[in-house]
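K.L.:
TrEMBL lists these features:
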REGION    29-48  region 'Disordered'
DOMAIN    48-114  domain 'HMA'
DOMAIN    140-206  domain 'HMA'
DOMAIN    214-280  domain 'HMA'
TRANSMEM  305-328  transmembrane segment
TRANSMEM  348-368  transmembrane segment
TRANSMEM  380-402  transmembrane segment
TRANSMEM  408-429  transmembrane segment
TRANSMEM  570-592  transmembrane segment
TRANSMEM  612-633  transmembrane segment
TRANSMEM  935-958  transmembrane segment
TRANSMEM  964-983  transmembrane segment
Amino acid sequence: MTSQDQEHLLLFDGVDDWDEFEKKVDASLAKDNKSDTTQPSEQEHTPGKITLPVIGMTCMSCVNAITSVLSSSPGVIDIKVSLKQEEAVVEYDPSTIQPGQIKEAIEDCGFDVPFDTQPLDLVDAAAAGTLSAASTIVSKSAQLSIQGMTCASCVASIEKSLKTAPGLVSIKVALLAERATIEYIEGKTTPREIADLIDDIGFEASPIVEKRKDQVDLQVFGMTCASCVNSIEGELRKTPGIISANVSLTLQAAKVEYDNTVLGVRDIVECIEDMGFDALLSGRSQDAQIESLSRKKEVAEWRSALIFSFMFAFPVFVISMILPMFAWGQAIYNIPLLFGTVLGDVSAFFLTIPVQFGIGMRFIISAYKSLKHGVATMDVLISLGTLSAFAFSTFSLLYSMFDPQHHQASVFFDTSSMLITFVTFGRYLENMAKGETSVALSKLMCLTPSTCTIYVIDPKTGERTSEKKVPSELVQKGDIIKIVPGDKIPTDGVVVSGQSTVDESMVTGEVEPISKTAGSQVIGGTVNGLGTFDMEAVRVGSETALAQIVQLVEDAQTSKAPIQEYADKIAGYFVPTVILMAMLTFVVWMVISHTMVEEKLPMMFMHEPSKFVACLKLCISVIVVACPCALGLSTPTAVMVGTGVGAQHGILIKSGNALEAAHKITKVVFDKTGTLTVGKLVVASWNLYKPSSSNFFRIVGAAESASEHPLGRAIGEYAKDLLKVAKLDAVVSEFTSATGQGIECTVAHGSDKYRVVIGNKSWLNEHKIRLPSSLANDQMTQERAGRTTVLVAMNGSFVGFIALADTIKPEAAATVAKLQQMGIQVAMVTGDQPLVAQVIASECGIHDVHAGISPSGKTKIVTKMQQQGHSVAMIGDGINDSPALAQSDLGIALVSGTDIAMEAADMVLMRGDLTDVVAAIDLCRTIFRRIRYNFAWACIYNLLGVPFAMGIFLPWGLHLHPMMAGLLMAFSSVSVVASSLLLKMWRKPEIDGRSSSSYDRSNGVVGCEGRVGEVQSIYSVVYLAEMSFHWRYDIEIN
């Protein structure tokens, strides 16, 4: 065993003498502890103290997770976390750590800290003498809605134009989501001003006002005058819990800010209705969002534009291309009119004007605005191509009128009109296809039923007096809701009576209906089966699982994968490059056509009225065929379809970064408890060393009933079942707990009082509890069976231990095997004892085991793997594993029920099923392959199409007519969207010959019973820094 820089590397293979082993470890730790005391730790600065609100804590495990992470952070002197008050009081050294870093550390654990620490950071930085001029800048973020973008060059033009905008720190534009996320300096600019700048470029932009949880917008009907407004506002402001109320007579609307701990939205609505007015919750934002996602507006606009342009373009096509093919047609075409003009040319001219300056005007205006800001979009190419054709044809027509010889004009109005028609047709198909990419998200948003039935409760007696139908949006926490067969469940809650089965496939991806009885959780948006039950609303509005899923999917579809940044950068240079190539094409062919012998010129020049017309058509073909849209749509369409497919299967991908990281994963690290195992510990056996301890389980059960740790809960439940009581009658006081160690408290039963210490060996040693020599062998026997032991002492004397067993998930071994088949290494990291960990790992087929690891130690293990060149995915429950989830390249949280707000995770698996880990990585790989296919197609199209249009194949008689170039350009972007839509055909991979969703999760192997004696050695490498006794570790890696 070696020890250096507080890093202990323990290699052990079949340890025979555990007492000798313990002595060696204790001696090593004592040596390090002694050396630690020689290091100075003077405080040069006055300690700072901050109280931070912490939202999202549900139990003592959350408290312990925060305490553990902050305690190991440099500069944190003291930390006190209160579950009841939802706050953390931190004492810190301002020269080492600042409030912003403390806030970030808590948020990395998966909790929200709604507190602006920036002013305090500046004060502390000033006190430490490290404040720079840049530190005084306070930036804010906001979102904008942007309409009118068609391709990546539109995105590039917006981002490029706003780079120098005063007060704008950064802007990221999402093409398909039609949104932009901006960061700006407050006081120097506003979201409205930035939206106006985007309007100037040629797009419609408006700020998106984020709706607060404690604010509601209502539509109020029946108001006739200002007195109605005053009476509503006055009555609302008098209502307890209402903070402010603003009513608009003109808009027939009310905006109310309220305290959601005092009253709910329905209370506000009923208050207004009691005054004689009708009030409804404003649902305009979601309706508008669903409409935006389905692109109904854009599809309708482009359909109308297509019909209009086709009405004029088709006659032009017939006049210009069909009539000249027949003698009678030529006679009609060449009917002479005034000044030497003919009927065909003049008719084509007047029919083209509505197309060119009607439908085509939107392209011209957009092109003008973008060029005015020094950027070029696809609309510039379309405008250049169509205006060139129209301008030359018009000039030729006018020239022939004033030419004394009255030569027939060289016109091709059909090129201009048909180009615009083909582009319009392409945009119509493209928007229809884009709407399909967001079908999954639109369906999720529509899952909540419009109404539900609640019970009206008598406030005096608490009795149910009647039933009442209310809009689902008006359901409040605590409402009792009646669910009958076939009903959609309106919100998240708990079944209070009755039983049924519920289809949760649309939310979690779980194929089989789930049985629900009293106490079961139900999820909003799911569908009830044949039973009837009553449920209590627990989470409503934006707090529901469905709302969180929608928000996560929206965020993912709005974010950009790193590969998209590369595509947008190319698109920024694409249009200018194409214009230069078109000009080069025109010049080169003009030179060639005027220097080469006419007999050797390509056939195209023989069929055109003049060499100039032939060269101009080649130039127009180059301009029109080039398409940055295909390149720009390659990533966002695949991300939008892929994340939607994932959501339908219970796989929530939070961002494009997560998607790109997932396809690179080379190593997966599993937590043990609750991840590889069910996490439902049960008492398997116990051993009492003092027969006189008759009240053993009554006392221990009462002590552990105050604990939130899974071990404590399991012991508490077992004690109640064993004693056949609903509640233990002992009284607990002076309760304290230590993360990874144990608990201490005083338990009073009758006239007797007990000072109880429960935990691991180091915890009992710390309390000077003498342990019997036979304990080591007894513990070894339990641990070889895969059981976790908890030691118990009462009134300063050791009493006995309790052994608990967990259940391995039935799909664990098959999941590990499948990951290994996919070329991914698998490891396990756990805070449990090494022998227990090894038994579980052996059962699952994992050979790389890290046991006895604290939450901060898990982070260091992940870091070490990354330093070894691995791209690491960490799989955990998102609470104690939050720091490791945040550190890993891809953090995946397995959750169940409604708790999906895992801030530290990059991906959330709704079913808590390990096979979904395989499915998630496979889906991400499939999405990324599709992105590559799309990129390849877009590049091949442009690399072949542009040279073809430039006339490379003219010597062989092949060239691209401008109309055909327009048709190809229109279908290039449609083909990319269609390619991305193929992701909808993705299915979960089979694992061990079965679908990943076909495992029977009702059975498992408890405690790895029967494996005693098979574990001859521990071959994992275990790193130690805080080792308390020979097989129970709290280990950290430095």
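We number each residue from 1, going along the chain as drawn.
Backbone N, Cα and C atoms are what each Cβ position is placed from, and that goes for glycine too.
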K.L.:
Take the domain 'HMA' (48-114) and count its residues per DSSP category (helix H/G/I, strand E/B, coil), listing them in that order.
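P.N.:
Result for the domain 'HMA' (48-114), in helix, strand, coil order: 22 helix, 21 strand, 24 coil.
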K.L.:
Would the transmembrane segment (935-958) and the transmembrane segment (408-429) count as touching if the test is at least 3 Cβ pairs under 8 Å, pairs 6 or more apart?
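P.N.:
Counting Cβ pairs under 8 Å, fewer than 3, so no.
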K.L.:
Within the same chain, where does the transmembrane segment (570-592) have neighbours whose Cβ lies under 8 angstroms from its own Cβ atoms, ignoring anything closer than 6 residues to its ends? I mean 6 or more beyond.
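P.N.:
Distant contacts of the transmembrane segment (570-592): 151-153, 155-157, 160, 375-378, 380-381, 384, 611-612, 614-616, 618-620, 622-623, 626, 628, 631-632, 946, 949-951.
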K.L.:
For the domain 'HMA' (140-206), how many residues does DSSP put in helix, in strand and in coil?
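P.N.:
So the domain 'HMA' (140-206) is made up of 21 helix, 27 strand, 19 coil.
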K.L.:
Should anything in the same chain at least six residues away from the transmembrane segment (305-328) have a Cβ under 8 Å from its Cβ atoms, list it; otherwise answer none.
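P.N.:
344, 347-348, 351-352, 354-355, 358-359, 411-414, 417-418, 420-421, 424-425, 427-428.
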K.L.:
Could you tell me what the rest of the chain brings near the transmembrane segment (612-633), counting residues at least six beyond its ends with Cβ under 8 Å?
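P.N.:
Long-range Cβ neighbours of the transmembrane segment (612-633): 150-155, 175-176, 378, 381-382, 384-385, 388-389, 392, 410, 412, 415, 419, 430, 567-568, 570-571, 574-575, 578-579, 581-583, 585-586, 589-590, 593, 604-605, 934-935, 937-939, 941-942, 945-946, 948-951, 959-962, 965-966, 968-969, 972-973, 975-977, 980.
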K.L.:
Just to be sure I understand, if DSSP states are collapsed into helix, strand and coil, how many residues of the domain 'HMA' (214-280) fall in each?
P.N.:
23 helix, 23 strand, 21 coil
